[in-house]
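Take a look at the structure set out below.
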Ligand SMILES: O=C(O)c1ccc(O)c(O)c1
Ligand SMILES: [Mg+2]
């Protein structure tokens, strides 16, 4: 389907927006009026600019407070709209968005509104322009799409249709089912926006918190499905008002926007292809699928958890980090055949320290200091994973390959770090057998394995990036976002959200700092830290493990005795168990599903740290309730 976006979604000048939109591969734009009014050039200039960029102009918007007005005002409105038609003719824009009246004196009279819209459509027809009538969720009288549709149906003019905007419909909790009954050719245009659930004034919600599909909580798949069942074949257009996106760099936001449409299209394509029990619905879905072309990338292959974590280091930080890993029970398992790269192993966890000069890791190190520069994800089909990611617009990465080394497909994550797709078909460990000189495992003295696997990767992100990462993990890896929660840092709030695959083999936690002075913000800004701020390892018996690791010299964060006094007031816990936790500094959380025991190490190089966890039962969170204890402890030791 034709993919379009409103210029209001992006930051920058009109030229910057259009260039970013074109380079993100959109077909067309909605010109938001303010972008034109403040543009220093004529409508013909904008038309030429779009033409040269290969962009269509599908719509001009918004025209406000047109209907439900007195006869005198109506005549003035008709004069007013003729001037907009002049601009649209010069732009070559075929459609005008007219939103339902918000003026306090708007008249609640459907017949009047219908008659006025009919007259407007008559005028528009003379210019070969169509009117799309949109119900704003906060307008004076016409807030619901069923109401707007009643009026459009009453007006009954071929140059007038209803404009559907997912935000207005879903924010009011309206059921989109009835959309399927609107004749497709009476749906003039379609605007798509997602949003996180919020309990707040709907106008403020709309103007500041909309986001791209897949970044929020709305069920856009059902919404778009209904629109396609109605027979709509026009553009899919994004219209997102969002404070962060208005401030974020233009091009990356446009790329994200485009990815969000692809993500939604794929989900709807699958919905239309999925046969249900309802024979009539199946036929309607089949017919809808035949009418439109939807994005259908390679499906997500089975993903089998993290194959490795790669740190960018120099010689000095390598020594320091190797010492920390050693204390945590990792053993040095091998050396790369041709590069300054070392493998550390414990349980199923493989950690690579990369100090190779001239490598990707080195440039990452120079930018961010010691940090995680790459993750390897084990998958049954690495080429399919790669092809899916590139279909969604992720850049491929081609590293330097030495003789007889495995070539592993890789892409760049949104922060420029790498994600490798490691084929697990022959066992993901094969990579190390080929590229590394492995030390003889049987030669080293058997020691108890404390850490078993990677539980999750936690990332600290700049404010503007949480939505982009959420969409990235959803689209590329099939992650499902959990709910957002606020954590209290001594110097501000952190908003956190987990994204995990359905089988929970991959879990990521996305933290965003609302303040510039939190530890999360500081590692990102002052220290130019990369996004990963901690790696969490699972173990089977956290008491035994922490005891052993403490004896090994691992330094865990101190926890206030007040914490353990408080714990029995929050949970039903045995005194002896609380005493054991207190003795080892173990934190605790529980839900109806299960329990979460965990500890954190001190921070390495002011950038990242490790967590050790034991999950009991089906606990599915990340101990968010204990984040303030962690942040306070890290702050105290850093001082
Ligand atoms: O916030 C607004 O005023 C506004 C304007 C035009 C739209 O299409 C819309 O959905 C909202
Ligand atoms: Mg709209």
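One is the number of the first residue shown, and numbering goes on along the chain from there.
Positions of Cβ are set from backbone N, Cα and C atoms, glycine also.
For reference, TrEMBL has these:
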{"type": "BINDING", "residues": "134, 165, 191, 239", "note": "divalent metal cation binding site"}
{"type": "DOMAIN", "residues": "305-424", "note": "domain 'VOC'"}
{"type": "DOMAIN", "residues": "453-602", "note": "domain 'VOC'"}
{"type": "BINDING", "residues": "456, 534, 611", "note": "Mg(2+) binding site"}
In the chain carrying residue 534 (Mg(2+) binding site), residues 6 or more apart in sequence that have Cβ under 8 angstroms from it: 457, 458, 600, 608, 609, 610, 611
Listed binding-site residues with Cβ under 6 Å from ligand 2, out of 456, 534, 611: none
Annotated binding-site residues 165, 456, 534, 611, filtered by Cβ under 6 Å to ligand 1: 165
Cβ-centroid neighbours of divalent metal cation site 134, 165, 191, 239, 8 Å, sequence order: 97, 163, 164, 166, 167, 168, 189, 190, 192, 193, 237
Number of helical, extended and coil residues in the domain 'VOC' (305-424), per DSSP: 32 helix, 46 strand, 42 coil
Candidate with sparsest Cβ neighbourhood (10 Å radius) among 134, 165, 239, 611, the listed binding-site residues: 611
Other C-beta atoms that fall within 10 angstroms of the C-beta of residue 456 (Mg(2+) binding site): 22
Tally of residues which DSSP labels helix, strand or coil - the domain 'VOC' (453-602): 51 helix, 53 strand, 46 coil
Between residue 134 (divalent metal cation binding site) and residue 456 (Mg(2+) binding site), the C-alpha gap once rounded to whole angstrom: 44
Residues satisfying Cβ distance under 8 Å from residue 191 (divalent metal cation binding site), sequence separation of at least 6: 6, 30, 134, 163, 164, 165, 166, 167, 237, 238, 239
Segment-level pLDDT (mean, integer) for the domain 'VOC' (305-424): 94
Beyond the site residues 456, 534, 611: chain residues whose C-beta lies within 8 Å of the centroid, for Mg(2+): 455, 457, 458, 509, 535, 536, 537, 600, 610, 613, 622
